[in-house]
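Structure first, then comments.
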Amino acid sequence: MAQPWLSCFLLLALMVSVAANVAPKFLANMTVVTLPEDLPVGAEAFWLVAEDRDNDPLTYGISGLYASFFTVTANTGQVRLAGLLDFETLNSFSIDISAKDNYNSVQKVMHVIVEDRNDNAPVFQNTAFSTSIDETLPVGSVVFSVLAVDKDTGSAGAVVYSIEQVIPSTGDSGHLFRILANGSVVLDGSLSYSSKSAFYQLQLEACDSGGMYEGSVIAQCSSPVFLSISVVDQADLDPQFVREFYSATVSEDAAKGTSVLKVEAVDGDKGINDPVTYSITDSTRPGWFDIGGDGVVRVNAPLDREQLLAEDEEVRLRVTATEARPNIHGEEAKASTWVTLRVTDVNDHKPEFYNCSLAACTFTAQEACGNFSGYVDEHASPRIPVDGLTMAAYDPDKGRNGTFLLSLGGPDAQAFSVSPERAVGSADVQVLVRVSALVDHEQRTVMVVQVVATDSASQNASIATATIHLRDINDHRPTFPQSLYVLTVSEHSATGSVVTSSVHATDPDTGEWGSVTYSLLPGNGEDLFEVDRVSGTVTVKNGMLLDREVQAVYYLTLQATDGGDQSTSTTLQIHLLDINDNAPVVSGSYNVFVQEEEGNVSVTIQAHDDDQPGTNNSRLLFSLLPGPYSHNFSVDPDTGFLRNLGPLDREAIDPALNGRIVLTVLVSDCGVPVCSTKVNVTITVEDINDNLPVFNQSSYRFLVQERRPGELVGVLEARDADHTEANNRISFSLSGSGANSFAIRGLVLGSGWAEGRIRLPPDLTLDYEARPFFNLTVSAENPDPQGAEATAEVLVAVEDVNDEPPALDSASLRGILVAENGSQHGHVAEVVACDADTEAQLEIQPANVLCTKGGVDVGSPCRGWFSVVANGSVYVSQSEAIDYEACDLVTLVVRAWDLTTDPGFQACSSNGSLLVTIQDVNDNAPYFLPENKTFVIIPELVMPNQQVASVQARDDDSGNNGAILFSIVQVDFIFKDGATIPCQGFFRISTSSEADVFTGSIELATSLNSTLQGTYQVMVQAQDRPSVGSAQKAKITLNLFTVDQSYRVQLQFSTPREEVGANTEKIKEALAQATRTTVYVVSIQDIGSVARARARSYLDAYFVFSNGSALTLNELSVMIRNDQDALMQLLQLGLVVLGSQESQESNLPNVLISVIIALGVALLLALVIMTVALMCVRKSYHRKLRATKAAKEARKTAAGVMPSGPAIPGTNMYNTERANPMLNLPTNDLGLEYFSTGNLDDISLNSLDDNSVDLDKKHQEMKEELRSQQGPAPEPLSVVLSGRQAGVGTQQQQESSFTNAGLDTTDL
C-alpha cells in the first residue's frame, strides 16, 4: 500500500517544482579570476558560487578550450588546478562556467588572468666568449660585452651581471676586471704580459633582481659562462739581466785577455725578444777590464790587489745592455747592472817593521824603522810588556801570503819573549818579560834583543833591534837576625826601665831604601812597653800595670821599616818575674747539709794564690780554728779536705742552732811575708724520719647496713714518736679488695697523734647481694714517699636488706611454635625468674598480650589463646580459636614480682616478651577478587597470544599454602539463541603475582571465527599448592562477549587512503566523543569508482561499549548527529557517507522505479489526488498537535539526563520501549508513528543518506514564502531541543538531537 501513496506524492511534488522553479544565478564577482603561474596542480584555484532562490542542490561545471586546466567538484563548486599555468606562454584566457539545479542551468564566461612569477632564470645569448687585448690597454676600457635575457617581467626579469671568479686567482687578478650593468666587461687594473699573466678566464653569471615564486621572494641565476681573454705583448719594457747580481774573482797576476765572467740580458717583452748589445759605462778602475758583444768581461791591463785595499780589494763595473730596436715611445731600451770583481792576492811582499801603533799606522816608507828602544822595571813579572816600545809589523799580502812569524834573538833573548808569535797582515809587536830573575838592575842596566819577522810562505824575513833600559826598584826589605827574642823584667818595675837595647834590623839597600825605623805593632802589651824609633831600645811605659798575676808573659811585635815602606817584624817574648804580693783566695761559700746518723761531711776548701805557681809565694796550708764542735771535724793541711770524725746526731746539737754547726778554716801561703785568709763552713744536720706510726689496735671490726650512702663505718687511731712536724705527720690510706667502696679521712689530734674515720661515699651504697663483707688494710704513713708505714686489718661486715628486683631468665623467653586450629594443647612453655636477695618470694605475672599479622598490630583476637600461671607455666587455653590468618605472632608480655621486697625498692622485674609464632595450616581456600569489568572480543581484530581477559585471586594462607595456580577448566560458546558448543583449546591462562595478589592472564591460543554471534564462557580454577595435605580450589566463570561482523560499520571519506590513515587518531577521537564507545579500526581502503558523495576511501570499524554491546550503522548515525562538534570535525576530516557505498546506491533504482510508476498512473489518479490533498490537510493538523506535545516533553527534559530503561548486557537487542539502552535515547513517545507504515522508525535515520522526501505543493509554497521573507526557517523541534538547559545548575547547552532533512517539523 505504501508504493501508490508514495507515487502520488512524488508526482505532485514534481509538478509543483517544474512549475515554480527558478534558474540559478552566478554571483556578480564570477567574471574574472587571477591565478599565479606557480600554483601547484591539485591546489584550490577558486570557487564557483551561484545563488538559487529555490535552494535546490546545484551542480557546477567548466567547459571551453582551456577547461582542461581545471577540475571542479560538481556539488560544491570548488575548482582545483589540473594543469600547470605558464605566464610566458599564455598570460590570460577564458573559460565557460555553468551551474544547474535539477531543472535549469546557467552559463557564464570567466576570464582567467595568469600572474607572472619568477620561474625563469636569465639565459646568456651566446656562451662561446673570447677576445684579445693589448697589455697597454688603458684602465677603464671595455674589454667585452655580454647579454643575458630573462623571460620574466618586472624585477624578476631585470638582469644583474657579476664576475664570480677570475682565473688565475693569484695576486690582484680578482680586482682586475669588473662588469657593468649593461653586460660590458671593463678593465679595472693595469695588465702586464710579462709580470702578471698572458691569459685570463672570467666566470660570468647573470641573476635576476628577485621575485615571488612558490610563496617566497627568490632570485634566479643562470648557468655560469666563461670569457677567455688573451693579452698581446708590446715593446714597453727595457731589457732585463738574467741575474740581479754579478760577481767574480780574478788573480792579481792574471794575464791580459783573461776571461773573468759573462753577463746576460734578455728583452723584457717576452713576446718580442729583440737582440741585446753590452758596454761598460762606468768603472772604479777604468781600463783594467773591457767587455765584448757576447757579454764576456776580460782583463785589459795589469792588476794589483794592494792598490785596492781601501776598496775592499774589489773593482766595480757598470755594464749596460741595449736592445737593437727602440721601444713603443721611440726611445732606446736599455738597462744597467753593477758587476763586482774581486782581485785575489799573490805572495809578492815580505813583512816589515814600522815605528807606530797599528791603529795609527799608514805603513809608509817614512814609518819604516829597524831600531827601537824601551824601558822596564827590574824583576818585572812575567808577561809584563816593555814600556815605550812602539813597534808594528806589516805584510800587505792577504791570507796565507800575509801570514808571518815573530821571534827574538840577540844576547838577552832568554830574558824576554815576543807577542804575538804569529800574525796575519799586520800586528802590534810587544816585547814581554819572560824570566824576572834575569832582569836585574844590579846586574845590568841595559839589555838588547832582536825581533825577527819571517814570512811563513816565502821565508823572507826582516829584523829590528830593541834596546831595553832597566829601572831600579826597592827590591830588599829590612831583616832581624832572629825571629824571636826572649826577655825578662820584674813585675811592677819602674816606668822607663830598659827591657832590651840589643835588638836591631839591617837593610842591604843604600840611600833612602836602606834607612830603618822601629815601631811596636798594635797588640797585647803595647800600652805597657814602648820602643825608640831610631835606636830600637825597648823600655817600660807604665810599671803600675805590670802584674804577673794578671799576665805573666807578653808578646810584642817589633817592626822595622825602610825608606820605601818595605818592612819586616820580629817577636819579643817578655816574662814578668814574680814577687809575693797576693794573699790566698778562697773560692765560693760552704754550706753543707747532711742527714743525722748516716750522713758524712765531705767537702774540700777550694783556695788559690795568684802568685807564681811552684814557689813558696803560692804554696797554701789549711788549719781548723778552735770552736764548740771543732773536735768533731778535721781538715787536711795540704788539700783542705774537711770531714767529720764520727756520726752526727741532730738531737745533740743546741736546738737554738736548728741543727747548724759553724767551723772556721785558716788558709795561708809560705812566702815572705806570709799572707793568710779565713773562711767559715756551715754544716746543717738534717732530721730523718726514723720513727714509725703505731695503731692503738692491731685489728678492727665494723658492721654497716647495705643501701645506706655516707654511713660512718668506724674510727681508728695512730701515733708517731718523731718530734718534728714534718716527720710525725700521719696520713691514712685503705687498700684491699673493695677499698674503692670506702673513704677514710685523717684528723690531727695533737703532735704525732691522729685518728682515721672510715665512711661510705655519699653517692655509693653497699650491696649485700654483690658482696657481704670486706677485708681491708689501713696504712698509717708519713709524707716521705720512701719512708716505712704501719698497717692494721679492718673487717667490714654488710647487713642484708631485701632491695633487689627479680629478673627474668632470657633463656626461658626463647620463642616457641604453636600450630593453629586445635593442633596443640596443654603446657607449651615455662618462664623462669631469679632474685639475688636471701629472702625473696617470686611469682610470674602476665602484663600484656600483643597480636600482630605480618608485622602489623591487629588488635586483640589472640587474647585468651594462652594463659600464664604464677609459677611461670604457659598453657594453651583456646586451641581451636588459634587462627594463623587472624594473627601469626602472639607476644606474651610477662614480669616477675617479689612479694617480700622492702618498702622503697622495686619489687618487679622488667617486662619480658615470649614470642609465640603461629604455624599456618592450609585451612583457607583461594577466593577470587571482585572485578567490575566486562570483557569484549572482536574476533576479526584479536590475534593469537593477545590477552583478552584477566582474573585476580588471593589465599589467606601463607607460603605454599597461599600460592595460587590458575587453570582453565572449561570453555563453552553460547549462541544468542541459547545453544552451547564446547571450545576447548581456544584460550590459555598464565599466572603472575604482586604482593599477595595473584593474577591470571587469559590469552587467545588460536584464531576465532568472526561470524559467530554469542558469548564465550570460560571457567577458571584457582588452586593453592600446600607442601603438606590436600590443595583447596575455587572456580569462577567469565563471559567474553563477542562482536561479530554484523556490527562492522563502514565510513566513507572524500580524502585518499593515505590521508585518512594519517588522521586516524583524530577520526577515532571524534567518533569516541560522539558515541562514548571504544573504536576499533579494522582497515582503511581506497574505493575504485567515484560514488555519489565522491568518496575516495573507506574505513571499517567497530564501536563497542564497555558492557560488550556494539553500535549498528543506524545507531552510529543517530549518535553522530547528536554531537554537532564531533560531526563538524568528522566532516572537516572528509567524512561523506556512513555505510557501504553499494547499499546507498542500491536505493536509487527503487526510487526511480517508483517515480516511473507514479508518472504512469498520474492520469488515472486525478480524482485520487484531490482526495489525498484533503487527507494531507488533516494529517497536518494532527502533526501540529503531536509536535507541540513533543516540544513540551523536550522542554521538561534537561539535556544530558536520559531516562533509564532495562538493558540487556552483551547484546544490541532493543528493550520494550524500542530503544537501545546504550544509546541513552529518550523513550518518550513523540506520536510520530502515525506517519510510519512499518518499522521504519526502528531503522537508521542516517541524515547522510539520500533519504526520500514527501512534500506536497502547499507545503512547498509555504516554505518558499517563509524563505523569501525570513530566510531558511529552523526546524522547530530542533530549536526546542537545542534550547533546553543541561539540567539544573548547568550553564552549557548540549545538543541532543539531529536534523533529518527528510523528517522535520518545519512544515508546522
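Glycine is no exception: its Cβ is also placed from the backbone N, Cα and C atoms.
According to TrEMBL, the protein carries these features:
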type     : residues  : note
SIGNAL   : 1-20      : signal peptide
DOMAIN   : 27-124    : domain 'Cadherin'
DOMAIN   : 125-241   : domain 'Cadherin'
DOMAIN   : 242-353   : domain 'Cadherin'
DOMAIN   : 376-480   : domain 'Cadherin'
DOMAIN   : 481-586   : domain 'Cadherin'
DOMAIN   : 586-695   : domain 'Cadherin'
DOMAIN   : 696-808   : domain 'Cadherin'
DOMAIN   : 810-928   : domain 'Cadherin'
DOMAIN   : 930-1058  : domain 'Cadherin'
TRANSMEM : 1151-1177 : transmembrane segment
REGION   : 1259-1308 : region 'Disordered'
COMPBIAS : 1288-1308 : compositional bias 'Polar residues'
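Residue counts for the domain 'Cadherin' (125-241) under DSSP, helix first, then strand, then coil, are 7 helix, 55 strand, 55 coil. As a summary of secondary structure, the domain 'Cadherin' (586-695) carries 9 helix, 48 strand, 53 coil according to DSSP.
Under DSSP, residues within the domain 'Cadherin' (696-808) fall into helix, strand and coil as 7 helix, 58 strand, 48 coil. Residue counts for the domain 'Cadherin' (930-1058) under DSSP, split into helix (H, G, I), strand (E, B) and coil, are 9 helix, 68 strand, 52 coil.
On the 0 to 100 pLDDT scale, the model's mean across the domain 'Cadherin' (810-928) is 85.
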